[in-house]
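Worksheet for the structure shown next.
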Amino acid sequence: MIVTCLCILAVDFTIFPRRYAKTETYGTSLMDLGVGSFIVTNSLVSRQARGISSMSWKAAFKSSSPLLVLGFGRLLSTRSVDYQVHVAEYGVHWNFFFTLAAVTILTSIIKIPPKYSGLFGLSLLVGYQWWSVNGLNLYLLSNERGTDLLSQNKEGLFSILGYWGIYLLGVQLGYHLFFGDHKPELKSKKWATIKVSCLSIIFWLTTVVLDSHVERASRRMCNLAYATLVLAQNLQVLAILMLSDCIGVSSISTLEEAINRNLLGTFLVANVLTGLTNMLVDTIFSTPLSALSILVTYAYLLSIITGIADFYGMRIKFW
């Protein structure tokens, strides 16, 4: 979350290395991993992964309503101040909050047991990939758009299939590794660490094969290679963190705890501060020194606001 919040503003300055920015069509970069990582981390600890019964469609819509409000709020705010929006990322009207809401609603109303959600998710991703290499990719990557809502938001709407597939795979992984019929013994934790490490290697190898012989990874379409990439990367990080637990020394800072307890709130504040900075500063023409000063000030403000919110028990949640 901290890396994401720093990158969404830093990318607007020329000092930010362009190789870390989001790719236009195909490829992998630091910022390409953000969206998929949100989906993976949410799925690993989701209601479904923990074996909690699915909600009705009314309850699912209600729980996702804050995300829909945020999505429409972002759309209206960016339109009202003529804020620069990269249309090729999600489309003309779509944004990341709508994608999160769509995945949450689909997973809640289509009740798939966690033991089989991975198989369903993999089938969905493979079918979507077959559709992509048989002509869909040409449509999604084309800059031509019609006047209908589907054509105007084709990247956001079609990529839901990929993100939902990632989420379903994450649900089964979370259930199998952490929330299934396992006893919280030290041996089980070590075995879980080994399994996470092996799964990470398998997903990395699969990504290399898919990227080389099927279709290159594309965040814009959320194709199969991108799905295995974000799963590999997140499982690798998780394996490293689980290995660090074996040391037996755990030290979490107050700021980490504050952000952990209010992830969505932190992300919203970061978006607001990013928008205000772009309205007040011509980021493209900022010198390296001024850009660094602005980023440090932004990081401090974000940390202070998050800390104060945690101190007073303010939470923004949608689950």
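The chain as shown is numbered from 1 upward.
Cβ from N, Cα, C; glycine included.
Taken from TrEMBL, the feature signal peptide covers 1-21. Residues annotated as transmembrane segment in TrEMBL: 92-112, 119-140, 160-179, 191-212, 224-243, 263-285, 291-313.
Within the same chain, residues 29-31, 34, 259, 263, 266-267, 270-271, 273-274, 277-278, 283-284, 286, 288, 291-292, 294-295, 298-299, 302 sit at least 6 positions outside the signal peptide (1-21) and bring their C-beta atoms closer than 8 Å to a C-beta of that stretch. Residues 35-36, 39-46, 48-51, 99, 102-103, 106-107, 112, 114-122, 124-125, 128, 192, 195-196, 199, 221-224, 226-227, 230-231, 235 of the same chain, all 6+ positions outside the transmembrane segment (160-179), place their C-beta atoms under 8 angstroms from a C-beta of that stretch. Same-chain residues lying 6 or more positions outside the transmembrane segment (191-212) and placing a CB less than 8 Å from one of its CB atoms are 173, 177-178, 182, 224-225, 228-229, 231-232, 235-236, 238-239, 242-243, 245-246.
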